[in-house]
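TrEMBL annotations:
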TRANSMEM  B:12-37  transmembrane segment
TRANSMEM  B:46-65  transmembrane segment
TRANSMEM  B:71-91  transmembrane segment
TRANSMEM  B:103-126  transmembrane segment
TRANSMEM  B:146-167  transmembrane segment
TRANSMEM  B:236-254  transmembrane segment
TRANSMEM  B:266-292  transmembrane segment
């Protein structure tokens, strides 16, 4: 665990951890409200968002990309709601119509656009580039205290940490209404809580986490982290506080184990190249969920 | 150019793709209809993403045996096996844990897809320097499709369609009334399994043309679009198959006209265009029809209220009401009632009075809920009943 680790692996692991936790936190509420697949839908529509943002601004800077992705997420949520209401279409099907069509539109736009000079493609949106987020300025563990080296941290690291902080603070601030509206919407409404607004707030929080995370880690991790850690945590306990704690732990475990297995696992097996970290993190989260489904104390109702 | 494409004049490969895509679209639309009616449209998303590990493993096995990794039948077999595992896991999680189905779907799709991506990177390192292998299956790729592949896709689509046709009645029964179907002696679980097998078959058949990320669109969008046009389930399935086939055909043809029009996304966008058209223009369930209905109702309400106001000699201030009365020639521009207006107002007042009296008449009062303020009482009562009502009414009015 020397200088090389700090340069090559520390930042991707940290970014993976923050991304995983930022997605798993709102994922808990989505899970309990049976809206888990919204994360799936949001992460599909991110693609047309970033392509449009690129077409408009001509750059792949983080801010316009994220604005585009957020805009697309908002459009998709509104479209799903409109189709559900005006067309009287069941919500799962409405979701399926919107996110597949928007994703198809994104792919088409991408093919029509000359993106040869920039790094923007479908694969990037799907599995991100976690491995490439290295910290070139680091020379060893000491760099963590060196302001000059810290300035050279990949910007994704700070962005993901900030996103997690925002999501965590929001959850902490609105803890009671969130909990009430999630478990007993009728009671919450009777207390005068704006339950529709809370529901929208949860979706917006999820979209925020998804949009911030996809750029660094790709859609796969986003979808997996929305669902797997909270689902596994749900099988561990009946208390929401404990469930959130477990989900954070599982998210961390998936991110760290996944990255290490992807980066070093193949080398241990004698191969020369590593495999996709994003894919491996999702796989590890699935294994954790599988174990929870087999052995967790509260796996049945 | 487009005309050439639509009449299959764009060469051998384009024709092959169009035939395969049409057959695929019809099969996907028909199967999707039953899936949609069963309200499990999104299960297909898990099924399709779960094909990736099997696809990659099949490729690895083929390469290990020294063959060409892109032998379509073997790849289809591998993807079918792994989506089976995914499907089984979704239903196992539903039975063995307290997680809801949507969580199980999301977990299976993301984990299987993630694991598939891991295997894809393994393949990339193996075949470094050689022609890339499987990325085309993510979003479909029809460039250089072989004759055998196209025939396999068309035949697979036809087979799925035939199986759906055979199973149509039991599938409809479990979609509408699971309990009733069970009492009738149908094995609901086995039928669900068969429906899912058909979904899986469509996915596997569609991998090459549409790709595994977008194939769900062909299962979901056509039935949702078809549902706007009819209330009859069989017609939904037929229309859905038609919409799917149309999307596949037009999409494949259109994408053949230019190099940067990828087939899969174009097919999906065609289906979405059909959906959007249905959403707006379908009779009775469409948005336009609903808006027209709403407008008509609004006009009738305003007209009726306006007439009652005239009958009571009250002035009408509401703009829309004023306009409605004028447009129907019931009042003059200065707001004074015309001859026709006075007659219509009197009729409205009499109608109102009759409804009032109906509530008091013990033989007729059960019809009172039919009074929505718009229905004329003549439409509800027979002439005899009306006469009886008027007989009760006259002495009271005389007072």
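Backbone N, Cα and C define each Cβ position, glycine as well.
At the 8 Å Cβ cutoff, the transmembrane segment (B:71-91) and the transmembrane segment (B:266-292) share fewer than 3 close pairs (sequence separation 6 or more) and do not count as touching. Taking every recorded stretch in B:46-65, B:103-126, B:236-254 and counting its Cβ pairs under 8 Å to the transmembrane segment (B:12-37), the highest total belongs to B:236-254. Only residues 6 or more beyond the boundaries of the transmembrane segment (B:103-126), in the same chain, are considered here, and those with a CB under 8 A from a CB of the stretch are 42-43, 45-46, 48-53, 55-57, 59-60, 63, 69, 82, 86, 89-91, 93-94, 132-135.
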